[in-house]
């Protein structure tokens, strides 16, 4: 039986020892409380004495309660965590001891001690093994190459491509090609990450001295001596000098009809590429200067805004002046014209019957405290205000002074009330616009 227990222990230990790495998800402090218990005893005189006591055992119980609280929280959120990390395992790690804010003891009144323990909820993180690279990733990671290659083909967007060592390369940098575009030299052939399918032609670099390809009728020996599509075969290469094939296959005619890069090819390629290279250099060193256009547009907008503000101020001032001017019309001191204020005044006078001379008009209400005075209560008379009557320090304030003070205070309260109402209305209007 003992051996079975040991075997089971080893079986459980091995997976845990080889477990994945663990990372913390959340850390929190969990709390338990030790509440004092009432203990009754008697003093020396035999009188009953009550004490509130907390022992070390109570602190241990409070610590266990804090750990149980952490376990309850872990059990509640474990299902949610499993949905977030379905391939992970979860565990709760708590401290061995708790932190208390007091010590065991006794007091005359009820009291408590708080026990706190830190709980760390963790999840397993599997060791990620590097996956094998795909053929596309292998091709894309290869470094650029340079040189002259045959079997070059042109892409849909006009670029030149080769299939070399099982990967596709694109010609970048300075590129020079023959007239037919099947042989090109580039300063940088960069891999595109594309893997050619079986059956697609592959390219090979042309070494120094190679002036031809392996076209029809040509061979390796024909290429070495100038053969090509029409170059000599086995006798037009190394044996061309003795059999006469060299003069017609690899000799004078082989160079002109083969796949070599001639002086004319290089000159033509440079001539074609020069404008684009010049434009690219110019674009990289310069940029369009639109500062003048932007400044002109900004000046025009500023002028329009200034004119609009000036006209609005002028119309407003003229309208206010015409409203308070006794003469108006052609004899007005503020100029003539139908401003927005003038139209508003005409509407107020003609349709609403509001005149600045009338009782309760807007103009008089804002500036004259007597406009609304008839509606304000005036009281039931006035008597002199007397302090310390009959003494040497008697102070007496007459009704005339009291009336003046009352008038001033009522005017102040009226202004404050109007200002409060005005602020409230404008604040509501601003909020409505937003």
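Using the three backbone atoms N, Cα and C, a Cβ is placed for every residue, glycine included.
Since this is a predicted model, take the numbers as computed values, not measurements.
Feature annotation (Swiss-Prot): of 386-407, 408-429, the stretch labelled transmembrane segment is 408-429. The DSSP secondary structure for residue 184 (disulfide bond) is strand.
Beyond the ends of the region 'G1 (Gly-rich linker)' (89-107), by six or more residues, the same chain brings 19-20, 22, 25, 30, 32, 36, 39, 51-56, 58-59, 62-63, 66-67, 70-71, 74, 78, 81-82, 113-124 to within a C-beta distance below 8 angstroms of the stretch.
Using Cα positions, the member of the disulfide-bonded residues 63, 98, 177, 184 nearest to residue 167 (disulfide bond) is identified as 184. All protein chains shown were included, and the count of other CB atoms within 10 Å of the CB of residue 63 (disulfide bond) stands at 22. Annotation: 184 carries the greatest number of neighbouring Cβ atoms among the disulfide-bonded residues 98, 139, 177, 184 [cut-off 10 Å, Cβ to Cβ].
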